[in-house]
Structures are given as C-alpha cells and as structure tokens.
Amino acid sequence: MTTRILLLLHPTVVTDAHVVESIKSRIAKNHPGEHHIDQQIINRVTQGDVILDNGFYKEIHYINPNEDEYREMPLSLIKLFHDLLSVDGGGSVKGDLPKDQNLDVLMQGFVVEEDGSWSKPEPVTEVVSLKKKKKNNSRDVSGGNYTHVNGGVSVKKMPMFKKLSDQAVAAATATPGLTDTSASNTDEENDNGGMKRKLVETKLTYFSESDNDDEENEEDEEEYINEDELIQDLKTDNLIIPKKCELPNGKRRRKACKDCTCGLKELEELEDSKQQSLQNSILGKMAQSASLEAEKIEARLKQKQGEQIKFKEEDLTEIDFTVKGKTGGCGSCALGDAFRCDGCPYLGLPPFKPGEAITLDGMDEDI
C-alpha cells in the first residue's frame, strides 16, 4: 500500500533547492517501502490557492527554518492538519512544530508525543449493551386496587377520591361577599359581625387615645431654641483654618498657585478689582473734564464767528525798499522764505532784490 506523505515548506526554504532535496531524501530513508511525497508551499495551502483532499495523507512534514519563538500557528492551520490526515487514524504531523501550543493541539484532537510530533488517534468503537425492560403483570384481586409485581402482591393501594356533597359544591361555587339569609348559620354570622365591630371600636379608641397622649408628650417636651447657645456651639467647633501659602524664608509669594486653597488667590482678585475700579474712576474724571473743555471751546468759537477782525494802520503799513533805511523786522525778507520770520507778510513770495517795490495782493481779501 502506498504511503501518502505531504511536505509543507516555508517560503524561505523553497529558495534553496539543495535543502529541499536533502529533506526529501531523509524522508525517503525513513520510508523504505512504497511512498509518494506531495510538495506544497504552506502559504498557497492556507490561502486556498491549492486545495488538498481531506483524510488523504498518512504523514505531514512541516519545515520552518525560523526559531522556536516564531513558529506559532493559527488554530485554523492546526485544524487543517487534522483534516488532511487519514480518517482511519494513525497519522502524524512532524517537523518544525511549535512547543508552546500543546493545549491548542489537544483541543483540535491530536495527541502530543514525547518527541514533539502530533499523532491523530485511531477512532475507538465501543459496544453499549442495552438492557431489556421486564414486563410487569398487573391484575385485580378480589375487586380491590392492588398491583402485582413479579407475581407478588404490593401493600400500597391506589389513591381513592371521595365525591363532594351538593352543599359543599354550592358553597365552593357561591359568589364571595354574598350571604344567604335563609341559611341556618345567620346567627353565628351576626355574632361574628358584632364581635368584629366591637374589636374595631376598641382598636379605634385605643389608637386615638395613644395618639393624643403622644401629642401631649411632644408638646411638653418641646423646647425653645436659644440663639446664644447656638453661637457658643459655633465658637467651640473646631474650624479648619488653611495654612498661609508662604515661602520657607518668610517671603510672600508673588502670585497664587494654580490650585490655591489658602485664600491668596481671592486676595489677589480683590486687589485687582480695587485697582481696576480706581483706574475706571480716574479715566471717567478725565473724560468728563475733557468734555467740559470741549464744550467751552465750542462756545468760544460760536461767539467769535459773529465778530469781524479789524487791522490797524500799523498792521497795514507797506515796506518800501526804495527808501533807504526802511527794512523789515529781520532785515532778510528779500532772501526768501528760508530767511523770513513766522509772521513775515512776504511768506510765499519769491526772493527779490533790495529796493524793489513789492505790493502784497490779497490782503484786502483776507480782511
């Protein structure tokens, strides 16, 4: 019988043909009989590019050159190995297998051998014997309800039921809350009703009296609250005063901490608010004074709008440079604007020669 062997190779092993041939020769030495080796790459099998027949192989050899810590297999691959081995059992998986997945291997149906290989156990058939039930012969004896088991008479009787009377049936089916006045037990019901009423009355009186007593006791025990006592209690309480946030050398911090609990942050906010209010008041006063000055200036301008400017003869006197000894105030009016005074009447005129007659046009228009 030909032994079917599946050789699954890691992609890195296929690149070296000598390694593959040496692996095949080693497998052939271990199987001197008739055998057939199918060579496949593990990636093509797991991705579904190559479909193999289930239960077709007797041995599976997996070659993985990686180290032991990098040989972890998914559960789907372990299950695929189990399905590819023959159904009759006795198949095994050998090669470079992970050593830290024994639990996963056992859960998929393999048995881990001492050499590290995985073997698929042969199916075990067990015969389960079913006991045949014995027939029980039962018959009546002397018209009574007795049961015979294996020819013997049992002592236990069958349950018996008693038929109810018509009165009991009527009482059971009667409408609740309704009574028949013609019945013979009306006196008893009246007596019971009277007793119930008496009990209710006694309970009401008992509870009402107890409530009144409790109210009176509460009024007697009620006391007035004294304010002085409350203040004393408040003073005697142990108040937790937070420690001041100070530096070791006794200096005060310039700025409060982010999560300040000593009150320094509140003091800073109070100082800032005071300074802000002071600045606002000063700015308000300045704005008020500026508005008053502006109003005064506007009033002055309105008063001067109706007035006429009148020049005196001295203001309208022309300077005649033809007359010797007559010069301007600064004596340099003829040189140009760069040498003229601020109030010079020749501002804006070109330079001229000394002694040249100059007339100032436009003075009348300004007047």
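Each Cβ is built from the backbone N, Cα and C atoms, and glycine gets one as well.
Unlike curated entries, TrEMBL annotations are predicted automatically.
Copied from TrEMBL, the annotated features are:
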SIGNAL    1-17  signal peptide
DOMAIN    4-131  domain 'Fe-S cluster assembly protein Dre2 N-terminal'
REGION    175-196  region 'Disordered'
COMPBIAS  176-185  compositional bias 'Polar residues'
DOMAIN    240-360  domain 'Anamorsin C-terminal'
BINDING   Cys245, Cys257, Cys260, Cys262  [2Fe-2S] cluster binding site
COILED    287-314  coiled coil
MOTIF     330-333  motif 'Cx2C motif 1'
BINDING   Cys330, Cys333, Cys341, Cys344  [4Fe-4S] cluster binding site
MOTIF     341-344  motif 'Cx2C motif 2'
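Closest in space to Cys333 ([4Fe-4S] cluster binding site), of the binding-site residues given as Cys257, Cys260, Cys262, is Cys257, taking the CA atom of each residue.
Candidate binding-site residues: Cys257, Cys262, Cys344. Fewest other C-beta atoms within 10 angstroms, Cys257. Counting other Cβ atoms within 10 Å of each Cβ, the lowest count among the binding-site residues Cys260, Cys333, Cys341 belongs to Cys341.
Between the C-alpha atoms of Cys260 ([2Fe-2S] cluster binding site) and Cys341 ([4Fe-4S] cluster binding site), the distance comes to 69 Å. For Cys341 ([4Fe-4S] cluster binding site) paired with Cys257 ([2Fe-2S] cluster binding site), the C-alpha to C-alpha distance reads 66 Å.
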